[in-house]
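Asker: Here you go, one structure.
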């Protein structure tokens with residue numbers, strides 16, 4: 001939940017912008033998604049919806065809006081911040097396993113809300129393990145967009161089961177996505193990019209967007225420009241490998 005516990009701390013926040021400084025929130029690049037971390041998990045989407053008053057106070061308790069966008073492994077929140085102004089009436093949430101990084105995103109959102117009243121009220125973050133608990137947060141056919149940007153490649157074959165895009169996890173993502181909802185993936189690791197594309201190609205409830213649809217979607221450009229990792233790849237003149245797929249209503253013939 002977003003609470004002003006350390007929001008104005010002059011040590012961790014810039015005196016000029018009021019934004020948190022990343023060097024106080026650094027953590028390992030990735031965490032083991034199969035390990036047991038200690039944090040509260042809602043027992044059902046209905047219970048999580050009760051928490052939305054704290055996450056989105058300007059929209060609740062009188063509103064009936066539901067979260068539509070989920071950024072899985074949101075990192076330092078660059079994509080979320082960009083999406084918040086691009087879709088000001090859409091509720092969105094970042095899901096991050098690392099505690100320090102989650103705290104940074106929370107403080108960043110609070111600082112932006114304070115400096116830009118009326119903006120960023122539609123975005124929040126939660127610390128959780130999305131590989132284990134997605135059904136605890138979202139109802140069937142609730143989401144319209146899910147994002148998987150620069151996830152851990154887990155290079156060793158024995159660790160492929162830790163990858164956030166996999167055949168069995170796509171079943172869960174298909175469950176929480178509306179028909180015509182979109183999954184966005186991108187990686188700077190060619191093998192992982194091919195893996196994610198292959199998993200989506202093989203799943204009967206997803207189909208790729210056409211080149212025309214990709215060109216018309218304003219979100220697609222943000223995949224490589226809005227995040228810290230994407231900006232790093234661009235500075236190093238590296239390649240990225242993107243796969244964007246639509247949830248369809250009925251199974252495709254194999």
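Every residue gets a Cβ built from N, Cα and C, even glycine.
When I checked TrEMBL for this same protein, it listed these features:
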REGION    1-22  region 'Disordered'
COMPBIAS  7-17  compositional bias 'Polar residues'
BINDING   73, 96, 97, 129, 130, 149, 227, 228, 229  S-adenosyl-L-methionine binding site
ACT_SITE  152  active site
Asker: Please report how many Å separate the Cα atom of residue 73 (S-adenosyl-L-methionine binding site) from that of residue 152 (active site), as a whole number.
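Answerer: Distance (Cα to Cα, whole Å): 9 Å.
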Asker: Would you mind reading off the Cα separation of residue 97 (S-adenosyl-L-methionine binding site) from residue 152 (active site), to the nearest angstrom?
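Answerer: Checking the Cα atoms of residue 97 (S-adenosyl-L-methionine binding site) and residue 152 (active site) gives a distance of 12 Å.
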Asker: Cα-Cα separation of residue 227 (S-adenosyl-L-methionine binding site) and residue 152 (active site), in Å?
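Answerer: A Cα-Cα distance of 15 Å.
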Asker: Cα-Cα separation of residue 130 (S-adenosyl-L-methionine binding site) and the residue listed as 'active site', in Å?
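Answerer: The separation of the Cα atoms works out to 14 Å.
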Asker: Round to a whole number and give the Cα-to-Cα distance in Å for the pair residue 229 (S-adenosyl-L-methionine binding site) and residue 152 (active site).
Answerer: 12
